[in-house]
Amino acid sequence: MSYMLKSIPPRHIQVFMFEKFTNRAKQVIKLAKKEAQRLNHNYLGTEHILLGLLKLGQGVAVNVLRTLGVDFDTAKNEVERLIGYGPEIQVYGDPALTGRVKKSFESANEEASILEHNYVGTEHLLLGILNQADGVALQVLENLHIDPKEIRKEILKELETFNLQLPPSSSITPRNTNSSSSSSSKSSSLGGHSLGGDKPEKLSALKAYGYDLTEMFKEARLDPVIGRSAEVERLILILCRRRKNNPVLIGEAGVGKTAIVEGLAQKIVSGEVPEALRKKRLITLDLALMIAGTKYRGQFEERIKAVMDEVRKHGNILLFIDELHTIVGAGAAEGAIDASHILKPALARGEIQCIGATTLDEYRKHIEKDAALERRFQKIVVQPPSVDETVEILRGLKKKYEEHHNVFITDEALVAAAKLSDQYVHGRFLPDKAIDLLDEAGARVRVNTMGQPSELLRLEAEIESTKQAKEQAIGTQEYEKAASLRDEEKKLREKLSNMKQQWESNKEEHQVPVDEEAVAQVVSVQTGIPAARLTEAESEKLLMLENTLQKKVIGQDQAVASICRAIRRSRTGIKDPNRPMGSFLFLGPTGVGKTLLAQQIAVEMFGGEDSLIQVDMSEYMEKFAATKMMGSPPGYVGHEEGGHLTEQVRRRPYCVVLFDEIEKAHPDIMDLMLQILEQGRLTDSFGRKIDFRNTIIIMTSNLGADLIRKTGEIGFGLRSHMDYGVIKEKIDAAVKKHLKPEFINRLDESVIFKPLEKEALSEIIHLEINKLGSRLQNHQMALNIPDSVVSFLVDKGHSPEMGARPLRRVVEQYLEDPLAEMLLKESCRQEARKLCARLIEERVIFEREDEISALAVEGDGPASVTADES
């Protein structure tokens, strides 16, 4: 190479050198020139090339240097320390190449030739400057405690990994062993330096595209596998068969299919397997990694063929393909075959053993359609574990999560994670959802306790304040004050360092516990149920429920008592857990509190009125309207939108579902509710089972309400309990006449609401007045309504046929309308603080305490204010 350069005219030497340089290598030269100009150097040395390589930020050389801990800033500081800046002179043109740089370029070309590369890249440039024993770049690396031999080893590894992604030459294909060995022998002594052996170990296809589970378990990188002994035993039996010894684990996502395979790896490592499996290696094949980067036809087939050849060669390899359905169609291009067709002959002959894992749906869609592929695999159906088995699994994983989050997990938290996830987290399966609850609970506790103590924060603020005062003193040339502040800052920093060390040690010693409350908070975030309601004693909460409802739903104590009894039966576990928490039919006249009671149940049981899903059954008067509830069938308009009811329950599975006025719906539509009431589920148009087990089903109806109005014995009060019993029998008869027996039998209870008595209406008026008073507080006003006015409002608003709703209009007409006019008056807005109401000849008069101001309201006309009245 030196002779060739001498025979070339000097003006053409650089052109010859850069002829094979890649774009990145040329960019390195440009960056190196800029670094030379920055340092005021009129030459380009090996140190500038090193800085150019690091500043480029990409390429094999940069990856290797970063792996060894060398970055641009570190190298730049070392170069500046060694050679410093040049004199401040104007440099015209490009800096001249030093002799060492020219030799390094020659060496880079030689390295590329040795590696049989027809280009010079950043890796060759790095090897070239390493060959200059007296170069500044090599001295910089040695000062940074970097061994050149390590750089060469890392470059070789990087190049071998890269070669696996190119069309094979091939280092992994057995048919090309001659070219592979010759290439290896040439690259074993790059630049005349040994790489730690006569021949470098080639990167195998299995190592490139897979992960050795048995090796990972030896290194304690896998979680322990608890239980699943039956599935692991069946897996071992299938693997020990002579033919068709390829098991496939089929189960829903999250039931632990991959964990079963890891359990097999655990048994292989511990020797708890038959002799035929004792020396086996279990390797997970990453199919996505194998497909990635295959730009040319035949590359994918070569890679998978190399894996199969290596499995045949070793003879002790068990392949595990997670998401087995991905092999169908994987790598198939125009004129090519997919992975499943490549694997099928070897699987049939027993040349390779493969363990698959996939879900039930994916197995049906992809594997079962290919009968030849299906018969080569033996199915193992994996069912979700029970709650007790999940608790044992969590106990086995407890230590791993304690170490990760640096917390202490109580046994109560493990039990709560299993039970609460099974009860409240739907659409997913144990043990995955229980593990996720425990993991998030540990993260929540850890994050909440990571904050620094207030004393540390105060000390840091004091240090910052002292530092600013010191800088200000330096700026004003008060050097004695600055020196004093410097000493004070030093003391504060020492104190801060000691406090931080003590805090860190205390944090490590005193682990924060993860208890049942922490798990309940995670469930609360995921489901919307207040955590306090989950952890509160059930007996206390259910005893409080009846009293709370009676305070808000007036005059229906018997109905409230009936629904509370049914809820107690459900929540104490006496009822069937596969049915809804409660299903009720509310009967009675309008305006007596049926919908209000449903709203209050939503508030008390689920924390808010937004947990009430209200379905107006008058929208389902036609038979075909049933599709609106659960979604249109496939092929019909609106299929992708889903059902109005099913989609709402999917998004909020913990709610009160109110079917209003069910007698207006088509009778056939009521048949849809049979499976909701009996089995606690409804299948939507997509085939998904919507869970109603954590809902309270309430239906309202006015059936038999006319009987209450026609009964002369019942006015605003019942004469005796027998009178109410007679009416109940008549209403029950009307319900049985209109609704089917199979529907009525599935209800927990039919609740009949009584007409409101006068005392109940008086309490309702007081509730409305209290609401009005709370709204007036925003205007700094207080309201005083005497009993005489309340009695007047009750007399004006009561109606046995209309219930309590007329009371709202009475309050608006006699109280809210005149108050609104008073608020609009400037004098009232500024001065009024407390308003008193008086009843004068069926007029409600409002007066201020400091100055009498009356506002008369005619019972049959709009509110008005006159000077005489005030």
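Backbone N, Cα and C define each Cβ position, glycine as well.
Among the features that Swiss-Prot reports, ATP binding site is placed at 251-258, 588-595. All chains included, 25 other C-beta atoms sit within 10 angstroms of the C-beta of Gly588 (ATP binding site).
For 168-189, the entry in Swiss-Prot reads compositional bias 'Low complexity'.
Helix, strand and coil counts from DSSP across the domain 'Clp R' (18-161) read 97 helix, 6 strand, 41 coil. Annotation comment: Swiss-Prot describes 18-161 as domain 'Clp R'.
Beyond its flanks by at least six residues, the domain 'UVR' (460-495) meets no residue of its own chain at a Cβ-Cβ distance under 8 Å. Residues or ranges marked as domain 'UVR' in Swiss-Prot (evidence: sequence analysis): 460-495.
According to Swiss-Prot, the region 'Repeat 1' annotation covers 21-86.
What Swiss-Prot records for 97-161 is region 'Repeat 2'.
The region 'Disordered' annotation in Swiss-Prot covers 167-198.
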Site with most surrounding Cβ atoms, counting all protein chains shown within 10 Å, from the binding-site residues Ala253, Val255, Val592: Val592
Helix, strand and coil totals (DSSP H, G, I; E, B; other) for the domain 'UVR' (460-495): 33 helix, 0 strand, 3 coil
Nonlocal residues around Gly251 (ATP binding site), in sequence order (Cβ under 8 Å, 6 or more apart): Lys257, Thr359, Leu360, Val381, Val382, Gln383, Pro384
Segment confidence, the domain 'Clp R' (18-161), expressed as mean pLDDT: 82
Local backbone state of Thr590 (ATP binding site), from DSSP in three classes: coil
